Amino acid sequence: MSFCIAAWFGNLTVKNKNRLGLLVKTASKLSGRWQDGLLAIYNRNVLRKAHSIINCVNHPHTLMPLSGLAQVMASTQRWPEKGWALLQLLLVASASSAEETVCRRRGDPEKPLLSKNGDIILGGVFSFHEHNAMLIIPKCLSQLSLNFRDLQFAQAMLFAIEEINNSTDLLPVVTLGYKIYDDCGSDARSAGVTLALANGNEIVSVPSKTPCTRPAHVQAIIGATSSSTTRAVSTVIGPFFIPVISYFATCACLSDKTKYPSFLRTIPSDYYQSRALAHLVKYFGWTWVGAIRTNSDYGNNGMATFTETAQQLGICLEYSVSFFRTDPSAKIQRIIDIIKASTSKVIVTFLARADFHVLLREFSYHNLSGYQWIGSETWIFDSRTAEMDTHHILDGAIGLSIPKAHVTGLREFVLNEKPLNSSNNELECTGHEDMTGVQNSFIDMSLMPLFNNVYKGVYAVAHALHNILSCNKTCNKNVQLDPFTVLQHIRKIHFTTKEGDEVHFDENGDPAAKYDIINWQPKENGVVEFVTVGLYNPSLVQEKQLNLQNKYLIWARNSKQVPVSVCSEKCPPGTRKVLQKGRPVCCYDCIRCAEGEISNVTDSITCVRCLPEFWSNERRDACIKKEVVFLSYEDIMGALLTAASLFGACMTIGVILIFFKYRKTPIVRANNSELSFLLLFSLILCFLCSLTFIGQPSDWSCMFRHVAFGITFVLCISCLLGKTMVVLMAFRATRPGSNVKKWFGQTQQRLCVTAFTLIQVNICIIWLTTSPPFPFKNFKEIKDKITLECALGSVVGFWAVLGYIGLLAILCFIFAFLARKLPDNFNEAKFITFSMLIFCAVWITFVPSYVSSPGKFSVAVEIFAILASSFGLLICIFIPKCYIILMKPEKNTKKYMMGKKAPNSL
C-alpha cells in the first residue's frame with residue numbers, strides 16, 4: 001500500500017489530496033490510533049526509494065546526475081517541491097530490474113575538501129567559499145573567494161578530533177576520522193554534500209537483485225554555518241536520523257523536532273536573542289525604532305520574534321525592511337531613502353554578515369552616521385565588519401554575542417598548521433609555512449566563542465560514542481553503530497569541557513542561552529574595541545535577566561548620553577496619552593487630565609478620578625483633600641448673621657424692659673399684656689434659634705435647629721393669633737346680648753396658644769422619631785469642596801412644620817385684616833396685619849431661594865428668613881408702642897386709647 005501511495009499520490013490534485021488527508025484523520029480518530037498523513041507517507045517512501053536509486057550504480061535509467069539536482073534545487077527557493085518531483089521520476093524509473101553487480105552514486109562523485117580515515121567517521125559541512133549570486137553549478141571552488149572564518153571553524157573541528165584521538169580517557173583505542181565538505185553557502189549544494197556524507201562515494205559490489213543500501217557513512221555531521229543551509233542539511237538528513245550539530249545556525253525554526261528530528265546545536269536559539277534585543281531596546285527607553293533584516297530564515301524568523309516581543313513591551317517599528325546580498329542596487333537605495341526619511345534614531349538589525357557588509361559599503365558612501373545600531377551575534381563582535389567600517393558609522397553600536405570563551409591549544413594548533421589533506425588540492429599546505437607573521441582573518445582569534453561551539457559539538461558526539469561503546473580503558477568495537485542510537489545518546493549527554501563549560505541539550509536540541517552585551521568603543525588609533533558591558537541570562541527571574549553597566553557605554557558619535565528615539569515625548573504626570581489617528585500606538589498626544597482626575601505616573605493612558613472627599617491639585621498629579629465648607633462664625637456672612645441675631649435678641653429684651661417698666665400703663669395693659677410678654681419671649685427665641693444654623697453641623701444641632709425653629713415660630717404666631725382674636729372678639733362682645741367675651745378670656749387665650757404650640761410639638765416629635773435631620777456631606781454642590789449641611793431626613797416632616805407655621809400665619813393675617821378698621825385710637829390689629837404681610841412675603845420668597853441656593857448659602861437664606869420675619873414682627877407690633885411710651889406719654893392714657901381717632905393720630 002505504501003508503494004501505491006508513493007506511485008500515484010503525487011499525481012492527484014490538491015483538492016483530492018486534501019480529501020484523502022481528511023479521510024485518514026477521521027479513520028485515526030475512529031480507530032483511536034494515530035496514523036501518519038498521506039503526504040508524510042508519500043515523502044518518506046519517495047525519499048527512501050530515491051536514496052536507494054541515487055546510491056545504486058547499476059540502475060539502468062540514468063535520469064540526471066546530482067549536479068542537475070543541485071541546479072533544479074537552486075533555481076528556486078522552493079527547492080523541496082521540485083526535488084520531490086524529481087525524486088518521483090526517479091521512483092518511476094526504478095521499476096525496472098537491475099542486473100549489474102556494482103553500486104555507485106549517480107553523477108559525478110563529490111569528494112570531500114578535507115578528509116582523514118578513522119574507526120568512526122564524522123562529517124563536516126562548512127562554507128569555505130562565499131558567493132554573491134545564487135549558485136547553480138556544483139563546482140564553486142575555483143570561482144569564489146576563500147572564507148577564512150569557516151576555515152577556522154574547520155580547524156576547530158580538526159583540533160577537537162585530534163585532541164580526542166590523543167586522549168586516553170575519552171574513546172581510548174578508537175580513532176575518529178572526518179570528511180569535510182564545502183557547501184559554498186548554497187542551500188542546493190548543502191543538500192548534495194549531505195547525501196555524499198550519508199552515502200559515501202566508494203564503489204560497492206553487491207549480489208544481483210540486492211538493493212544498493214548500506215549503513216550511514218558518517219555517525220554525525222558538524223555544520224552548517226548559516227540557518228538556511230542548515231535547514232537544507234537537516235531536511236535531507238532528518239529522515240535518516242543522522243545527528244546534525246550546528247555551531248552557528250540560530251534560527252528558532254530549527255527547534256521544531258517534527259521537521260528537523262535529528263538537529264541539535266551548541267549556539268542558543270534566536271528565540272532568546274530576539275527577546276533579549278527587544279528587552280535591551282526597552283531598557284534604554286527606545287520606543288520608536290527601525291529594523292533591517294536578512295531575507296532568509298535567519299533574518300525573517302529572528303525579526304518576527306523581535307517584533308512580537310517588541311509589541312508586547314510597547315515598542316513600535318517605524319519601518320521594517322528585508323535585504324539579501326543579491327538584491328539590485330535600487331533596493332539598497334530604497335532602504336537608504338527610508339532610513340533618511342525616518343524620525344527614529346535606533347536601527348535594529350538581524351543581518352547575516354555577508355549581507356551587512358554589502359549594506360555597510362553603501363551606508364558609508366551615503367554617510368549614514370548618527371544612528372544607534374543594535375546588532376545580532378553575526379556581526380556585533382566580528383573584526384572583519386569593524387575593519388570595513390572606515391567611516392565609523394557603527395561606532396557606539398550595541399548588541400548580543402556569544403559569551404567569551406577560550407579553547408586552550410587552538411591558537412597554537414592553527415599557527416603550527418600541518419599539511420592539510422585536501423582531496424582536490426584547493427587547501428593544501430606544505431607544513432613549512434610560518435603563520436606567526438601573517439595578518440589576516442585566518443589567525444584572528446576574535447571568534448573564539450564560535451570555535452568553542454564547534455569544539456563542544458565534536459566532544460558531544462565523542463561522549464555519546466564513548467557511552468555507546470561502553471568505553472573504560474578500552475572500547476567495545478564490536479558494537480554495531482547506527483545514527484539513531486548516536487542521536488539518542490547525544491540528546492542525553494551532560495558533561496563539562498576542560499575549560500569548565502557545561503554541555504547539554506534540552507528537548508528541542510538547544511543549549512542553555514546566555515549572551516554577552518557588546519559595545520563598539522573606538523580608541524584613539526581608530527581601532528574599535530568590543531567591550532563587554534553587560535550580560536543577558538534568560539534562565540534568571542525576569543527582573544535579573546538583563547544586567548548592564550551603563551557608565552561604561554559609548555553611544556553613536558562617541559556620545560556619553562543615551563540617545564533618544566521616540567515617536568512622541570513621554571506624557572508627564574497630570575496628563576494622559578491619546579493615540580494619534582492612523583499612527584502606531586507609540587505616537588500620541590498628551591492631554592491634560594480633567595478636573596477631579598489625576599495621573600501620577602509618566603505615560604499614563606488614563607486619568608484616575610479622585611475619591612469623593614478628594615480633588616485634583618493644580619498640576620493634576622495628586623489628589624488633595626477637599627476643603628470642608630459650612631456657615632461658620634468666622635465667615636463674614638456668618639458673623640453678620642450672628643450679629644443681626646444677637647442685635648434682634650437684645651432689641652427684644654430692651655422692649656421687654658420698657659414694657660416691664662411701664663406695665664401699669666394703658667398701652668401695655670391693652671390687649672392682654674401677658675400675651676405681649678409671651679410674644680416678646682418667643683421673639684427672643686426666634687432670634688436666638690437662628691444661631692443654631694451657624695457652625696459645623698452635628699446630629700444634635702441638625703435636629704435641634706429645625707425643631708427650635710418650628711416650635712418658637714408657632715409660639716410666636718400663636719400669640720399673635722390670640723391677640724388678633726381677642727381684639728376682634730372684644731369689639732363683638734360689646735354688642736347687646738353677646739356672650740362671646742366669656743369664651744375669650746385670658747384662660748382661653750392661654751389654652752389657645754398652648755394647643756397651637758402642642759400641635760407643632762407633636763409634628764416635630766413624629767418627624768424626629770421617623771426620619772430626623774442628620775449631618776450630610778454634599779459633594780455635588782461645589783465640585784472642589786465638601787459642603788457640610790443638614791439633610792432634612794423626612795422632607796414631608798420639614799414641609800409639615802413649615803406648612804403649619806404658614807397656616808397659622810394666614811389665619812392670623814385674616815383675623816388681623818378683619819379687625820383693622822375697629823374704632824380705636826390705637827388699633828393693634830392693623831400693625832399685626834402689616835407684620836403678617838411682611839412675614840408671609842418673606843417666607844413665600846424663602847421657598848425658591850432656599851431650593852436654588854447652593855451649599856452654605858441655603859442655610860444663610862433660611863437664617864435671613866428667620867431674622868427678617870422676626871424683625872418684621874418686632875418692629876411692626878412693638879416699636880409703635882415703645883414710641884408712644886417713650887416719646888408721646890400724653891397718649892398713653894385710657895381715655896385716649898378708648899377715644900375715637902383724631903384726624904392726625906397715629
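Every residue, even glycine, has its Cβ placed from backbone N, Cα and C.
As given in TrEMBL:
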TRANSMEM  636-662  transmembrane segment
DOMAIN    637-901  domain 'G-protein coupled receptors family 3 profile'
TRANSMEM  674-695  transmembrane segment
TRANSMEM  707-731  transmembrane segment
TRANSMEM  751-770  transmembrane segment
TRANSMEM  796-819  transmembrane segment
TRANSMEM  831-851  transmembrane segment
TRANSMEM  863-886  transmembrane segment
**Asked** Taking all residues of the domain 'G-protein coupled receptors family 3 profile' (637-901) together, what is their mean pLDDT?
**Response** 82
**Prompt:** Are there three or more C-beta pairs under 8 angstroms joining the transmembrane segment (831-851) and the transmembrane segment (636-662), sequence spacing 6 or more?
**Reply:** no
**Request:** Mind pulling out the one from 796-819, 831-851, 863-886 with the most Cβ pairs under 8 angstroms to the transmembrane segment (674-695)?
**Result:** 863-886
**Complete:** Same-chain residues at least 6 beyond the ends of the transmembrane segment (863-886) with a Cβ under 8 Å from one of its Cβ atoms are 631, 641, 644-645, 648, 651-652, 655, 658-659, 662, 665, 667-668, 676, 679-680, 683, 686-687, 689-690, 693-694, 709, 713, 716, 720, 826, 828, 831-832, 834-835, 838-839, 842-843, 845-846, 850, 892, 906
